[in-house]
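Q: As listed in Swiss-Prot for this protein:
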type: BINDING; residues: 11, 72, 73, 102, 103, 104, 105; note: ATP binding site
type: BINDING; residues: 21, 22, 23, 24, 25, 154, 185, 186, 187, 211, 213, 214, 215; note: ADP binding site
type: BINDING; residues: 103; note: Mg(2+) binding site
type: BINDING; residues: 125, 126, 127, 162, 169, 170, 171, 222, 243, 249, 250, 251, 252; note: substrate binding site
type: ACT_SITE; residues: 127; note: active site, proton acceptor
């Protein structure tokens, strides 16, 4: 193993730059050359590859986004696209690849590994929806962004005595809504993994109103449905003045938290160690603060689940 490639793919997440930095610096520490691949798998197929140095990753650990940019590619999902990618890797004499991204990115890395090119996955997604790791890079930063936004919304909700629906990201996973909801003391938390009867939500709001509560906060993951549609139903049935805030892509941006920077540094460095050991087809993760790694198949075959105890606690505290 003499040359390592690194790319970011799929949706960006705060801390990706910290992971890139760790990959580059760890590789150079072990006398390896590192090549950055811009624009994800599309850039790999197009040969958008350049050598990286210590200077390439200077002053980036605190920056959100990804200096390598990211893109989605339908062409790469085909065998032809994957062979084009391998041709570019061979052309640049790259021996192993670090892929920073989510589930879809790892599907691509698995395909390359099956075609004989070793890849290691580093989980970077704000959704925290990947099995085999307690946390993904970017989750903590996004969580804190949501908390900060909801705290501000609560100020105006209190002033105007309104019920606010806060829609957050999470198409298939409700970790962001659950963790943020518990952190801000939301009256209701709606996530894809748990179905809640609409009438019970309305009753909880009415109970609060009857005992003098003047405002309420509801956290809703986008996978549950439209915040605007839900808010309309609440207003019609509960007869409470309602407003909706969709946080959108602000959840993906911003300077990463200390936790995300440390996690990204640890996972990025571990990815290089696995490649040096001639391993491929694996994802690095963290469980109970210990670094772990699993095959891509092991990751794909286990469904990510929410913390049932935390969900139960959120229900108990929102009476």
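Glycine residues also receive a Cβ, built from the backbone N, Cα and C atoms like all the rest.
The structure displayed is predicted, hence computed values, not measured ones.
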Q: Once the DSSP letters are reduced so that anything not helix or strand counts as coil, what is residue 72 (ATP binding site)?
A: coil
Q: Compute the C-alpha separation of residue 243 (substrate binding site) from residue 187 (ADP binding site), stating it in Å without decimals.
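A: If we compare the Cα positions of residue 243 (substrate binding site) and residue 187 (ADP binding site), the gap is 15 Å.
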Q: Out of 23, 72, 73, 102, 185, which of these binding-site residues is nearest residue 252 (substrate binding site) by C-alpha distance?
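A: Among 23, 72, 73, 102, 185, 102.
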Q: Spatially, which candidate from the binding-site residues 11, 72, 105, 127 is nearest to residue 23 (ADP binding site), comparing Cα atoms?
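A: Result: the closest of the binding-site residues to residue 23 (ADP binding site) is 105.
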Q: Of the residues named as ADP binders, 21, 22, 23, 24, 25, 154, 185, 186, 187, 211, 213, 214, 215, how far apart in Å are the Cα atoms of the most distant pair?
A: 58
Q: Can you tell which of the binding-site residues (25, 213, 215, 252) has the fewest other C-beta atoms within 10 angstroms of its C-beta?
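A: Comparing Cβ neighbour counts within 10 Å for the binding-site residues 25, 213, 215, 252 gives 213.
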Q: For residue 103 (ATP binding site), find which of the binding-site residues 25, 125, 171, 250 come within 10 Å, Cα to Cα.
A: 125
Q: Would you mind pulling the DSSP three-state label for residue 127 (substrate binding site)?
A: coil
Q: Mind giving me a neighbour count for residue 102 (ATP binding site)? Other Cβ atoms within 10 Å of its Cβ, every protein chain shown.
A: 23
Q: Using a Cβ-Cβ cut-off under 8 angstroms and a sequence gap of six or more, which residues of the chain neighbour residue 11 (ATP binding site)?
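A: Once residues fewer than 6 apart are set aside, residue 11 (ATP binding site) is near 70, 101, 102, 125, 126, 252.
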Q: Out of 103, 127, 187, give me whichever of these binding-site residues has the highest number of other Cβ atoms within 10 Å.
A: 127
